[in-house]
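Data first, discussion second: the structure below is written as C-alpha coordinates.
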(Lines of atoms letter the chains of each structure in order from A; the text may use other names.)
(Lines give C-alpha, C1' and ligand atoms only; values in the text may rest on other atoms or scores of the structure.)
Protein backbone atom coordinates (compact mmCIF):
# COMPACT_ATOMS: atom_id res chain seq x y z
CA UNK A 1 0.00 0.00 0.00
CA UNK A 2 1.60 3.24 -1.19
CA UNK A 3 -0.05 6.65 -1.02
CA UNK A 4 -0.36 8.93 -4.10
CA UNK A 5 2.83 10.78 -3.09
CA UNK A 6 4.87 7.56 -3.07
CA UNK A 7 5.02 7.01 0.70
CA UNK A 8 4.24 3.68 2.35
CA UNK A 9 2.07 4.00 5.51
CA UNK A 10 3.98 2.60 8.45
CA UNK A 11 4.06 2.56 12.24
CA UNK A 12 7.06 3.01 14.52
CA UNK A 13 7.27 1.87 18.13
CA UNK A 14 9.25 3.33 21.01
CA UNK A 15 9.04 0.87 23.90
CA UNK A 16 10.14 2.46 27.17
CA UNK A 17 10.84 1.12 30.66
CA UNK A 18 10.21 3.02 33.88
CA UNK A 19 13.89 3.98 34.05
CA UNK A 20 13.68 5.79 30.70
CA UNK A 21 15.59 3.18 28.70
CA UNK A 22 14.13 2.22 25.31
CA UNK A 23 14.09 -1.04 23.34
CA UNK A 24 16.73 -1.19 20.62
CA UNK A 25 16.80 -4.13 18.19
CA UNK A 26 19.52 -5.40 15.86
CA UNK A 27 18.23 -6.36 12.42
CA UNK A 28 18.64 -10.00 11.42
CA UNK A 29 21.81 -10.68 9.39
CA UNK A 30 22.72 -7.00 9.45
CA UNK A 31 24.69 -4.75 11.69
CA UNK A 32 21.93 -2.12 11.79
CA UNK A 33 19.89 -1.35 14.89
CA UNK A 34 16.47 0.28 15.02
CA UNK A 35 13.13 0.60 16.78
CA UNK A 36 10.38 -1.86 15.86
CA UNK A 37 8.45 -0.61 12.85
CA UNK A 38 6.45 -1.95 9.95
CA UNK A 39 4.02 -1.30 7.17
CA UNK A 40 0.28 -1.06 7.59
CA UNK A 41 -2.10 -3.41 5.83
CA UNK A 42 -4.85 -1.70 3.84
CA UNK A 43 -7.54 -2.85 6.29
CA UNK A 44 -5.70 -1.77 9.47
CA UNK A 45 -5.79 1.32 11.62
CA UNK A 46 -2.41 2.60 12.84
CA UNK A 47 -3.14 1.20 16.34
CA UNK A 48 -3.99 -2.24 14.94
CA UNK A 49 -0.82 -2.22 12.83
CA UNK A 50 1.22 -1.16 15.86
CA UNK A 51 0.01 -4.08 18.01
CA UNK A 52 0.56 -6.54 15.14
CA UNK A 53 4.09 -5.25 14.51
CA UNK A 54 4.84 -5.23 18.24
CA UNK A 55 3.96 -8.92 18.46
CA UNK A 56 5.70 -9.92 15.23
CA UNK A 57 8.94 -8.15 16.08
CA UNK A 58 9.17 -8.44 19.88
CA UNK A 59 6.72 -11.16 20.89
CA UNK A 60 4.96 -8.73 23.23
CA UNK A 61 1.18 -8.74 23.53
CA UNK A 62 -1.13 -5.80 24.34
CA UNK A 63 -1.28 -6.90 27.99
CA UNK A 64 2.51 -6.50 28.27
CA UNK A 65 2.44 -2.80 27.38
CA UNK A 66 0.53 0.38 28.03
CA UNK A 67 -0.14 2.73 25.12
CA UNK A 68 1.10 6.11 26.35
CA UNK A 69 0.58 8.17 23.22
CA UNK A 70 1.49 8.79 19.60
CA UNK A 71 2.80 11.47 17.31
CA UNK A 72 -0.04 13.76 16.23
CA UNK A 73 0.38 13.01 12.55
CA UNK A 74 2.49 11.32 9.92
CA UNK A 75 6.26 11.75 9.98
CA UNK A 76 7.90 11.12 6.61
CA UNK A 77 11.32 10.09 5.48
CA UNK A 78 12.68 9.42 2.02
CA UNK A 79 14.59 6.30 1.14
CA UNK A 80 18.06 6.64 -0.36
CA UNK A 81 17.91 6.36 -4.16
CA UNK A 82 19.31 2.81 -4.17
CA UNK A 83 16.44 1.67 -1.90
CA UNK A 84 13.56 3.23 -3.88
CA UNK A 85 11.25 0.42 -5.01
CA UNK A 86 8.53 0.01 -7.58
CA UNK A 87 5.46 -1.98 -6.54
CA UNK A 88 3.52 -2.85 -9.67
CA UNK A 89 2.86 0.59 -11.15
CA UNK A 90 3.61 2.55 -7.97
CA UNK A 91 6.97 3.82 -6.84
CA UNK A 92 7.79 3.85 -3.12
CA UNK A 93 10.08 6.78 -2.37
CA UNK A 94 9.81 6.63 1.41
CA UNK A 95 7.69 5.92 4.43
CA UNK A 96 5.18 7.95 6.37
CA UNK A 97 4.90 6.86 9.97
CA UNK A 98 2.81 7.32 13.05
CA UNK A 99 5.07 6.74 16.05
CA UNK A 100 3.74 5.19 19.25
CA UNK A 101 5.18 5.36 22.76
CA UNK A 102 4.50 2.19 24.74
CA UNK A 103 5.46 1.54 28.34
CA UNK A 104 6.56 -1.99 29.16
CA UNK A 105 4.37 -3.14 32.05
CA UNK A 106 5.01 -6.87 31.67
CA UNK A 107 8.24 -8.64 32.44
CA UNK A 108 10.97 -8.20 29.84
CA UNK A 109 11.22 -12.00 29.68
CA UNK A 110 8.12 -11.75 27.45
CA UNK A 111 10.31 -10.27 24.72
CA UNK A 112 10.75 -13.07 22.17
CA UNK A 113 12.26 -12.14 18.84
CA UNK A 114 11.18 -15.32 17.03
CA UNK A 115 7.42 -14.78 16.93
CA UNK A 116 7.13 -14.52 13.15
CA UNK A 117 8.30 -16.67 10.24
CA UNK A 118 10.79 -13.96 9.28
CA UNK A 119 12.10 -12.35 12.46
CA UNK A 120 13.12 -8.71 12.16
CA UNK A 121 15.63 -8.73 15.03
CA UNK A 122 18.21 -11.23 16.28
CA UNK A 123 19.33 -9.30 19.38
CA UNK A 124 18.02 -6.47 21.54
CA UNK A 125 19.05 -4.27 24.44
CA UNK A 126 17.96 -1.22 26.41
CA UNK A 127 19.51 2.14 25.55
CA UNK A 128 19.05 5.73 26.68
CA UNK A 129 16.13 7.68 25.20
CA UNK A 130 18.17 9.85 22.80
CA UNK A 131 20.77 7.20 21.86
CA UNK A 132 18.94 5.85 18.77
CA UNK A 133 19.13 9.15 16.88
CA UNK A 134 22.89 8.87 16.41
CA UNK A 135 22.96 5.11 15.92
CA UNK A 136 20.19 4.34 13.44
CA UNK A 137 20.96 4.16 9.73
CA UNK A 138 21.73 7.63 8.41
CA UNK A 139 18.59 8.20 6.31
CA UNK A 140 16.30 7.58 9.32
CA UNK A 141 18.04 9.95 11.74
CA UNK A 142 15.87 12.96 11.05
CA UNK A 143 12.59 11.04 11.46
CA UNK A 144 13.90 9.44 14.67
CA UNK A 145 14.78 12.88 16.02
CA UNK A 146 11.34 14.26 15.16
CA UNK A 147 9.55 11.23 16.64
CA UNK A 148 11.51 11.28 19.90
CA UNK A 149 11.13 15.03 20.19
CA UNK A 150 7.35 14.73 19.84
CA UNK A 151 7.20 11.83 22.31
CA UNK A 152 9.66 13.21 24.89
CA UNK A 153 7.09 14.94 27.12
CA UNK A 154 5.02 11.74 27.24
CA UNK A 155 8.14 9.74 28.05
CA UNK A 156 8.91 12.11 30.92
CA UNK A 157 5.47 11.36 32.37
CA UNK A 158 6.26 7.62 32.30
CA UNK A 159 9.68 8.03 33.83
CA UNK A 160 8.70 10.74 36.30
CA UNK A 161 11.85 12.71 35.54
CA UNK A 162 13.85 13.97 32.60
CA UNK A 163 14.58 11.37 29.92
CA UNK A 164 17.98 12.96 29.57
CA UNK A 165 18.95 16.24 28.02
CA UNK A 166 17.75 16.68 24.49
CA UNK A 167 20.86 17.24 22.36
CA UNK A 168 21.00 20.64 20.66
CA UNK A 169 20.96 19.17 17.16
CA UNK A 170 17.74 17.30 18.06
CA UNK A 171 16.18 20.58 19.12
CA UNK A 172 17.25 21.98 15.77
CA UNK A 173 15.71 19.09 13.85
CA UNK A 174 12.48 19.39 15.81
CA UNK A 175 12.20 22.98 14.60
CA UNK A 176 13.28 22.11 11.05
CA UNK A 177 10.08 23.44 9.49
CA UNK A 178 11.00 26.96 10.61
CA UNK A 179 14.38 27.09 8.86
CA UNK A 180 17.86 26.60 10.25
CA UNK A 181 21.37 27.83 9.98
CA UNK A 182 23.36 25.22 11.97
CA UNK A 183 22.11 21.70 11.29
CA UNK A 184 24.30 18.61 11.48
CA UNK A 185 25.75 17.62 8.10
CA UNK A 186 23.68 14.45 7.85
CA UNK A 187 20.38 16.36 8.06
CA UNK A 188 20.97 18.34 4.90
CA UNK A 189 21.58 15.16 2.91
CA UNK A 190 18.13 13.65 3.58
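Including glycine, each Cβ sits where the backbone N, Cα and C put it.
What Swiss-Prot records for this protein:
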type	residues	note
DOMAIN	6-149	domain 'Nudix hydrolase'
MOTIF	38-59	motif 'Nudix box'
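Within the model, the domain 'Nudix hydrolase' (6-149) carries an average pLDDT of 93.
When the motif 'Nudix box' (38-59) is classified with DSSP, helix, strand and coil residues number 13 helix, 2 strand, 7 coil. Residue counts for the domain 'Nudix hydrolase' (6-149) under DSSP (helix as H, G, I; strand as E, B; rest coil) come to 39 helix, 55 strand, 50 coil.
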